[in-house]
């Protein structure tokens, strides 16, 4: 864990959970593994606050516990799962993906589970149905069966998975301070444990929970709490039969979807829409059977691909064969041919596709930072591997002085490396070849750390600073919006609404619009940088997986 990642984890914890959780989480990241008492002593926080902070982190799968160095008889030790903290960067992408695939219901299901870390199905369905009903016209309500259907589809496609059983860390210590908190360890991957994701029995049980459930009555809006209603709701929840069965978002499945969409988009830009649809079909057919870190998808025959293609494209079999040949012969090598049975066996080369996407990202970064001529030299070194300075000048068709300056600039930024090949053992400069080269993997790691440090971290800090500086104005705007919504719900006259709107002066309104514009730009920039981070992380992980 680098210093840049530690800083980013601290910013994310502070933004989502507050200063106390941020202090506990950051200290655990830096210390590695600590007991509860040691953590409270070193952070100088009350023991109760440390316990609550650990509960929050465990609820979201960002912290795990286990037997300490003394074994089961010793105190329990806690450690942070940094990868899960960094996943908070992609929460907007997870929610937007659920919305695009499963509509508003799927969006709210994923949003609720992300906000709470893990939930039972019954509480998720009730919360989502309440929110949807609240936004419906008077007299209408959301049918539970629609929410259950969306939840079932998310489980079927592995976007949601069951939480693993709780870890039992026994401690013979008599002190209550070292008693393990109820939590789950780091979730296992669904591909390794299918029973945590889906089965026919699980899906039948999911739908039977709400069998016979009619449309929900809309909750009263009088604002008075009814103890009997709360007690009844609690009893109904316990009677659902799903207590202790929690569900969480399967981040790995979302990442596979993001990877597939990036590959499809690259094929569409390089070739055409029909080629991308063929690749999309191949990825969709093998998305469940292909292991998470596989270098290739499962082999598919041309006959299987032809039968699975969308009928709206009306692609004839000879045309499909031509497109497959075109994809196989393309220099990008996104698709490969592994055999001739069944009209030809084809695979999507995932590792090669991610390497090409990472390479294009590196070239784009060099072009934006150092100009088109530097990008030309960088691209040339990627293609030719090793070149002398004179060769770079000739191949890139750049004047000697400019080529020298550009190479030294790239060398100082560690984007280009210099390799010495001596003719004699004494390494005399006059008898040594100096070759420039680009190592794509170390350069990708360097750029990834740069994204963490300079881009994402600074963007989050700037957004938090802007929000803090204009806190009074934002709170005033929120109060006025709440008053307007209340007046509109009660059917107030237009004069009253205008009078309330004028509580914000023209300069304040202008300042508020400028602030929202800046915040939106910062949010958009964060999402764009996160896309770069995701591509680089996917490429680096693919190089570490066995092929």
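Cβ atoms are placed via backbone N, Cα and C, with glycine included.
So that you can see what the record holds, here are the features copied from TrEMBL:
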COMPBIAS  219-239  compositional bias 'Basic and acidic residues'
DOMAIN    8-66  domain 'RNA polymerase III subunit RPC82-related helix-turn-helix'
DOMAIN    150-357  domain 'RNA polymerase III Rpc82 C -terminal'
DOMAIN    362-438  domain 'DNA-directed RNA polymerase III subunit RPC3 winged-helix'
REGION    165-197  region 'Disordered'
REGION    215-239  region 'Disordered'
Review point. In the domain 'RNA polymerase III subunit RPC82-related helix-turn-helix' (8-66), how many residues does DSSP call helix, how many strand, and how many coil?
Key: 44 helix, 7 strand, 8 coil
**Study point:** Local confidence of the prediction over the domain 'RNA polymerase III subunit RPC82-related helix-turn-helix' (8-66), expressed as mean pLDDT
**Key:** 89
Check your understanding: Under DSSP, the domain 'DNA-directed RNA polymerase III subunit RPC3 winged-helix' (362-438) has how many residues in helix, strand and coil?
Key -> 46 helix, 13 strand, 18 coil
